[in-house]
Amino acid sequence: MADRPVPLAERRLMDVKLAELPNWLGKRDFTPNGLIRSVRGGYDRYFNKYINVKKGGIGGIAMLLVGYIALSYAWEYDHIKHDRWRKYH
Amino acid sequence: MALNFFDQFLSPTHLGIPLVLIAMIFPWVLYPSPSNRWLNNRLVTLQGQFFNRFTQQLLLPLNQGGHKWALILLSLMVFLLSINMLGMLPYTFTPTTQLSLNMGFAVPFWLATVIIGMRNQPTAALGHLLPEGTPVPLIPVLIIIETISLFIRPIALGVRLTANLTAGHLLIQLIAT
């Protein structure tokens, strides 16, 4: 599949070689508009792939909730790590 | 120690972003806006049916003028419902355990209803202060009591929500250890 080379700024993350990663990150749009657009694009991709289908199951929402749990755990890790080997809670 | 049980209600900050912010924005993700297609996806359909039934039950006792409140009441209730249910998941943070948030909901809503009532129909609004059929000697006392209950209402509502959620979470943690 040797089509014409795509410029670095327009490639998706999976198509960027590891050595080119800093350059690719530098070319991304980190303005507020760009951030909003990327969040919106990510949400639309997820929504259209897992939820906006004819026979969507519980997986679409379940993945969101599990991701939310993981995010909350990561946010509270500094607080929770004291509970690990404590004898009396 | 008893002190550690209340640590779960602190809002941790990480990279400068408090968890309460994420906890309050996350319910927005779970309710996608319905498109104007005839057949939506299952999630949107189920949510639409739930909201319709909910609003119908909510507006049953209200007359035509009360239907204007449907959107704000529904959105408030669904927001609180989703935030509280998400707080049941492990390691999540429930913003409604914070008294500040609940008072921030209670006082403006209560004040809005009282002021709108006073502006639109002041006699009826003041008439609510005296229940029907009270014996004549009791009227002064009752008006004072009703005024006090009117002003205590936002504090009661806000504190009630906070206390219920905090007590629930605390109970779960006590049973778990």
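Cβ coordinates are placed from backbone N, Cα and C, and glycine is handled just like the others.
Under the heading transmembrane segment, TrEMBL lists B:12-31 (among others).
What TrEMBL records for B:69-87 (among others) is transmembrane segment.
Among the features that TrEMBL reports, transmembrane segment is placed at B:99-118 (among others). Within the same chain, residues 76, 80, 124-126, 128, 150, 153-155, 157-159, 161-162 sit at least 6 positions outside the transmembrane segment (B:99-118) and bring their C-beta atoms closer than 8 Å to a C-beta of that stretch.
Sequence-distant neighbours of the transmembrane segment (B:138-156) (same chain, 6+ residues past either end, Cβ-Cβ under 8 Å): 103, 106-107, 109-111, 114, 128-131. Annotation comment: TrEMBL describes B:138-156 (among others) as transmembrane segment.
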